[in-house]
Amino acid sequence: MIYMRILQKVYGISLEDFYMMPVNTEITYPQLFEGFLPVCNLYVHMQRLLSVCQITDFRIDDILNPKTKRTARFLSGILNFVNFREFRREAYLELQQNYKLAMEKRQQLEAANQEAAMKLEKLNTIPVEHQAEVKQLTEDIRELEQLLRQDYRRKQTALQEVISQKKTDIAERTRKLVNIPLCKL
């Protein structure tokens, strides 16, 4: 039958699948369904396929007593679906390829980032043989900073004293100048 071939091509359903009893149903006398089982399975699979193709009026009568116009309409819908699927599949495969390339690039960048982080960590860590020297230099720097601060405070204090002495001298001279009488001409 043409419908079986279509289902084989579109969904990959094998011929044996049409003759298999569904697992999820319990039937007391499965022998009664042996002749009708392929037709029933074909109907179920076609119903699924045609609902995807936006054709909702498929009946079992279309398998048992097919009409030319209805069959042509079903085949047209299936053909449109297959063409649409192929067109979209190309776009999907292109997107999938772009995604894979982006993921590979991301993995490469993450690996490079991790490698750079390890190198940075290695550069930031002080080797064991130099740690004592670095510690000594750090202490020497602290002592020098402390000496510089003390020297700065001492010089600042001396300058403040000189400034206050100069202010006193200026104030005294100003007072003397004010007390000197002006000569009259």
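For all residues, glycine too, the Cβ spot is worked out from N, Cα and C.
Predicted automatically and left uncurated, TrEMBL annotations should be read as such.
Model, not experiment: these values are computed from the prediction.
What TrEMBL records for this protein:
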COILED    92-161  coiled coil
DOMAIN    1-99  domain 'Kinetochore protein Nuf2 N-terminal'
Tally of residues which DSSP labels helix, strand or coil - the domain 'Kinetochore protein Nuf2 N-terminal' (1-99): 71 helix, 0 strand, 28 coil
Integer mean pLDDT for the domain 'Kinetochore protein Nuf2 N-terminal' (1-99): 83
